[in-house]
Amino acid sequence: MLTYVSLDADAGVCTAGNVSATVAIYVDQAFDLLSALATSEVLNRAATAWATVRAAAVVPSMKAAVAVCLAMSVMLVVEKLSMALVALYVKVFGRSPERIYKWAPLSQAQDVELGSLAYPLVLVQIPMFNEREVYQMSIGAVCMLEWPHDRLIIQVLDDSTDLTIRIPALQMKHNQHVLENDKKPNDVQELVQEECEKWSKKGRNIHYISRDNRNGYKAGALKEAMDLDYVKKCNYVAIFDADHEPPSNFLMRTIPFLMHNPEIGLVQARWKFGKFMNQEQHAFEDSSHVKQSLSWHWRFFSLHSKVNAKIMTDFSAENADECVMTRIQEMSLNYHFKVEQQSGSSTMAFFGFNGTAGVWRILAISEAEGWKERTTVEDMDLAVRATLQGWKFVYIGDLKVKSELPSSYKAYRYQQHRWACGPANLFKKMTIEIIMAKKVPFVKKFFLLYNFFLARRILSHNVTFFFYCIIIPASSFFPEVVIPIWGVFYVPVVITLLNSIGTPRSLHLIIIWIFFESVMSLHRCKAVFIGLLDAGRVNEWVVTEKAGNASKTIQTSTAAKKCPNKFWKRFHFLELGMGVLLLISACQNCIFRTNLYFIFIFPLSLSFLTMGSGFVGTYTTQQSS
């Protein structure tokens, strides 16, 4: 008798297929368990290793960095306080240059029989490069200086490469313009020529000089112009950039210092920030009463001054009020002139030449071996070499030369790169030369190396960036790193207040100034290291945009890059990247309440993101093209 067994899967009886599936499930679960154990082990080991590295290296390094930054902060505070006290002393006790050095008005000391020969022969140089919007202003202002016309030689040094501006190979010989090429330039190309011709017809001894190359940039142009034969007859040379407008009495205020004090090699005036006269405004110069005021004879100087002052007042407005960014620049530059330049002049008779609005004794330039092209701060280079030869400098704080502030963020970035990179590179190249100098005492050498270079142009940029933009935000992830409240709060408050004393009208912008300068410290710090290391962009020269000339930011470095896409040109990804990192740090600090640094880090992050997105300064359609 046979019995049959039914293997029904639905009834719960296992078949060979069911067994295989069950085994596979158990194997997968076992594998997952082993993987989890292995991963957990790896993570545990990684966590242990990180804890060890954190305790042994990262935290001690952070603490050391905090200590170094605090020490540098104290150095900066002491430096700024000392300069402020000197400037305050000069202000309170009226220690003007006229009271310290010999000075007498030329009109009183003039020999009537000699006439204009009583005045020294002065050379005025106006270097320019594609200065479409401002060339007329600078040439006109220089030609209206109170000085005998037969004792004044004007050089217009035009290195322009923009064919809408430059007239190639144009030379002025015996005050007559001669085109050396047969092809007559069009009307736009004749702008500079016509301006020079206009003043030449009015009796000005003006020379238009152009070069076939831009070797040495501004330093090269100045150097070549100084080698001309007629320059040997001059004792002094005044220099004005194309965007600077000297007052009519500029030479009358500055030249007497050089005439009566043979030890003085440079007289520097202060910058004032304003917009300039346009072509229609210059038409006032053609009026009869203005022409009378242009007479060289000294007895007409007072009339000239009044008429010229009226013209300049009627048609000048402060460029500093163009946007918040220019207001902030005004604060920084006013501090530079009113405190840094004033204190240097009063204590050591030395300061950095600002490249314009100054008068040099040509002998001082000659003894310092003339203009050199080794850095992008040829003005500072010459000043340091001249003071090492024993020459003294004088700063006149109440003599103001109108200038213009860059109003676009892109132009300002390029300018600040040059102003930070150049001094750092010069510091590297001149340290040994300063130490070995024999004509200056040890105190002045120390002032040059520590105060002038190290503290103001190296440490200041590094402290601002590394301490306030790196270490303080990073401390959110390291509760073990404790930063004293005086380093986080009191030191920056003191530094900020000292920087704002030169511009009382902008005190309400102090907070904005703090975050703006923090963002700019990124570029300045980077530029400092480029200068110290002689890296690729060390000799990069970018012409600062002038008023209404936003499209003229021209890259002249050999490392020039192609223009980026229109859309991306507005954004600055370095700032955006820093802004994102700071935002993460602020969130970390706020969530875990490590400390209250997020109160500072959040707006700092917003500042980086805002400036990185191009929402600062002016922005024109030309910038995106």
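Even glycines carry a Cβ here, placed using N, Cα and C.
These features come from TrEMBL:
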- 193-315: domain 'Glycosyltransferase 2-like' (DOMAIN)
- 330-496: domain 'Glycosyltransferase 2-like' (DOMAIN)
- 465-487: transmembrane segment (TRANSMEM)
- 493-516: transmembrane segment (TRANSMEM)
- 571-591: transmembrane segment (TRANSMEM)
- 597-619: transmembrane segment (TRANSMEM)
When each of 465-487, 571-591, 597-619 is checked against the transmembrane segment (493-516) for Cβ pairs under 8 Å, which one has the most?
-> 597-619
Cβ-Cβ under 8 Å with the transmembrane segment (597-619): same-chain residues at least 6 beyond its ends | 322-326, 406-409, 412, 468-469, 472-473, 475-476, 488, 515-516, 518-519, 550, 570-580, 582-583, 585-587, 589-590
Summarise the model confidence on the domain 'Glycosyltransferase 2-like' (193-315) as a single mean pLDDT, whole number.
-> 74
